[in-house]
Amino acid sequence: MTTRTKGRGHTAATTQNDRMPGPELSGWISEQLMTGRIPVSDIFCDIENNPGLCYASQMQQTKPNPKTRNSQTQTDPICNHSFEEVVQTLASLATVVQQQTIASESLEQRITSLENGLKPVYDMAKTISSLNRVCAEMVAKYDLLVMTTGRATATAAATEAYWAEHGQPPPGPSLYEESAIRGKIESRDETVPQSVREAFNNLDSTTSLTEENFGKPDISAKDLRNIMYDHLPGFGTAFHQLVQVICKLGKDSNSLDIIHAEFQASLAEGDSPQCALIQITKRVPIFQDAAPPVIHIRSRGDIPRACQKSLRPVPPSPKIDRGWVCVFQLQDGKTLGLKI
């Protein structure tokens, strides 16, 4: 054991076995450094004269005492070297994210403009549906006139004269008188061509609000029902049920012509078919304060599916002009009201 005294009066003890300092020596050196008893330069800068102490200080840096671990910040030169690469990577990543953001905004704008451009197509659906119905009626009328191959070359009177003379209709397209064809068909005239017979039957089953049947003084409940059905979308809805109730009560009170005129007037004003039916129940006198009819059914399954969501508990005094179409009464006595 040898003792060396340094110039400032501090004593350091070294042995050959102290080349590898233990935790006691490291802790002691840390304590002396923290209290200022040993200058920092003696430990870190005097490598040639005191290699043992410098080695101990180096070990102290790599293995700090738990008491001083959080009081000192160490910087690894490797981390310092790669910090610039991290910055460059983050910068390039930010650039890519910015480009993606710009592309997303551009794509969103294009999608919005595309949606705006397709709105007229959505609006065309109602127009196409209306055209489809009108065209079906027009084709039936067109077939009845037997003009599918060209323009008519003769009047209805000339057609009748030719038919009476030759016992058969003239060749080519011709005009036919509806009443004359009806008479020939009802008399089972064999000279009526099958195509004319089918065309007449198709037109007879296609009823619509035209000038001809609008002025018809003796419209039947069946014709009025078919006319109203042609204007309603879907099948078996609450409004279809309302049509049946209106036609039934109108027939019983001989008010079919009034109902027909009211329906046509509402449509002419631009009302929807559903609105026109509601207007009938409010304007035609026979429906004011009228109780809805009672329909006896076996089970709820007998009610059309489209009406299921419109069923309500029956109030004490339901009225048609207040939206109550009819009352379904089951076999067990339970009642359900159809409300629109």
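The first residue you see is number 1, and the count goes up from there.
Glycine too: its Cβ is placed from the backbone N, Cα and C atoms.
Look at Swiss-Prot and you will find 1-24 tagged as region 'Disordered'. Among the features that Swiss-Prot reports, coiled coil is placed at 96-116, with the record citing sequence analysis. Residues or ranges marked as phosphoserine in Swiss-Prot (evidence: similarity to another entry): Ser187, Ser205, Ser208, Ser317. The annotation phosphothreonine is assigned in Swiss-Prot to Thr206, Thr210 on the grounds of similarity to another entry. Here Swiss-Prot flags 215-340 as domain 'VP35 IID', drawing on sequence analysis. For Lys309, the entry in Swiss-Prot reads ubiquitin cross-link.
On the structure: features taken from Swiss-Prot.
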| residue | record | Cβ within 10 Å |
| --- | --- | --- |
| Ser187 | phosphoserine | 9 |
| Lys309 | ubiquitin cross-link | 7 |
| Ser317 | phosphoserine | 9 |
Quick check: in three-state DSSP terms, what is the residue listed as 'ubiquitin cross-link'?
helix
According to DSSP, which kind of secondary structure is Ser317 (phosphoserine) found in, if we only use helix, strand and coil?
coil
Rounded Cα-Cα span from Ser187 (phosphoserine) to Ser317 (phosphoserine), Å:
53
Reported as an integer number of Å, what is the Cα distance between Ser187 (phosphoserine) and Lys309 (ubiquitin cross-link)?
49
For the domain 'VP35 IID' (215-340), report the average pLDDT of the model, please.
90
Counts by DSSP class (helix H/G/I, strand E/B, coil) across the domain 'VP35 IID' (215-340):
65 helix, 16 strand, 45 coil
